[in-house]
């Protein structure tokens, strides 16, 4: 059995040090978490197009499984905004929201998502999440935030939404309300706006209070006062039962249809969970295992799909609240889940008095929290390529099927990355003569003089098939600009690897230059690069004599071949070897008296 497998089945490290004080902290944090979680998971269930109780079931099951199967002490897994909107986007293609077929599709999607995540964790492929950049996530969540907010407009306005409208683009909701303002229910609008304002004010000025809970209570009280005609929509009762086994609802015939969406959902969920877990681990100084978090998230989704839940991930709000409330171990998540179970079992009528408009207001606040305007501005300022990736992902989220927005972002991120790496930076360098040891530096940055015969360049980037054409053109341009025979030194300390295509290119250019009587030498390559070239035959093919350890060694070789007639008229004298060359002849000045 491998060491990784043993780590999965052995008792957690925190168990041996568990104490009464630790238990008290966990219980306090768990109770606080249950109160905060209740309104959120109901809202997320509605975003996902699922009955409210499914949000509670998901929070109960996923929270416990992920807490004990993962490695983070503080990560709280359960329904999440971005995950929920993606679930709705994918599942609504195959079934009508609210139908039994829709619930079956969501459960199947969740199971498939969990299997993918678990498989990636067992195969130790945690590095895959690195291919989805932070820029893609910001663009995606910003687009998802607008979709979430727009999808709640009918509830805010008190307008019943038909099943056929649930998959319409986000602007459909806005446009339909513009065309039919007479359908707007003023009491619902008032309740929603009051809920939003109270939530935002409390979040801004008293952030430690459960602002969504308080806002929902205020919204419910305002609905009680305003809804004298009983025309507002309410969430209604939830079943007074714990999660039931839902294996019979899994539809294996849809696996092939759902796989693409499930993979996108799996990656998004893993990125959210790992990012949150890492941020909390930095605060608590806890060692975190990325692969184990993958396993925890996968197991949570598998378990949730079999116990009447939908896809989940880490929740930043609930995880941060869990940490701030003093949670010490995953037991806090267990207490949180038990608290939710008690609410469901003993207070099933609690949601009867929750106005749909107030819940919609809370969902809009959640969407507002997803829209990180400061991060968007920073990304746009940082890089033109990142700005393009952000914009393309954002608009793809709005205009395409939501799960494909992630693929759009990843594809364009890779395209721009390949574009950058295919044109590695090539810098003219030369010795700085007024400094000790004459270090080789950027000519433009240090306004350094260059030798008219020997050109020294530094390549910052890898020499691979995609960069071959760019480097070859530059070398040929250099060779043609130098006096014959051309002498070029390539400083390679910024090169990480050289592939076969690049070796063949260097062979061609070395031959082309040497035919003219010149030389091309490479120096300062990393040991790992030289080792790899030794293995693939590159050193033998190009000739070890053409590789030097330092620029000084390459310069010394080149200076032996330097044209003394050019040296005689050169005033630069930038190399130590210039001292052995003829000095410039000063013109004789004749004074006429």
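Positions of Cβ are set from backbone N, Cα and C atoms, glycine also.
A TrEMBL annotation is a machine prediction, not a hand-curated record.
For 29-48, 80-97, 103-123, 135-155, 183-202, 209-226, 258-277, 331-347, 353-371, 392-418, the entry in TrEMBL reads transmembrane segment. According to TrEMBL, the domain 'STAS' annotation covers 444-558.
Tertiary proximity for the transmembrane segment (331-347) is limited to same-chain residues at least six positions away from its ends with a CB under 8 Å from its CB atoms, namely 18, 22-23, 25-27, 29-31, 33-35, 37-38, 41, 53, 56, 59-61, 63-64, 66-68, 74, 76-77, 238-242, 322, 325.
Beyond the transmembrane segment (80-97), the same-chain residues lying 6 or more positions past its ends with a Cβ under 8 Å from any Cβ of the stretch are 44-45, 47-50, 104-106, 109-110, 140-141, 144-145, 147-148, 151, 163, 166-167, 254, 257-258, 261-262, 264-265, 268-269, 272, 310-315, 366-367, 370, 401-403. A Cβ distance under 8 Å defines the sequence-distant neighbours of the transmembrane segment (183-202), meaning residues of its chain 6+ beyond its ends; these are 155-159, 177, 209, 211-212, 214-216, 218-219, 222-223, 226-227, 231-233, 355-358, 360-362, 364-365, 368.
Mapped onto DSSP helix, strand and coil, the domain 'STAS' (444-558) counts 59 helix, 24 strand, 32 coil. Between the transmembrane segment (353-371) and the listed ranges 29-48, 135-155, 209-226, 392-418, the one holding the most Cβ pairs under 8 Å is 135-155.
Per-residue confidence over the domain 'STAS' (444-558) averages out at a pLDDT of 93. Relative to the transmembrane segment (209-226), the listed stretch 29-48 leads the set 29-48, 135-155, 392-418 in CB pairs under 8 A.
Nonlocal intrachain contacts for the transmembrane segment (135-155), taken as residues 6+ away from its ends with a CB within less than 8 angstroms of a stretch CB, comprise 47, 81-82, 85-86, 89, 161, 165, 170-171, 173-174, 177, 188, 192, 233, 268, 271-272, 356-357, 359-361, 363-364, 366-368, 370-372, 375-376, 379, 386, 389-398, 402, 405-406, 409-410, 413.
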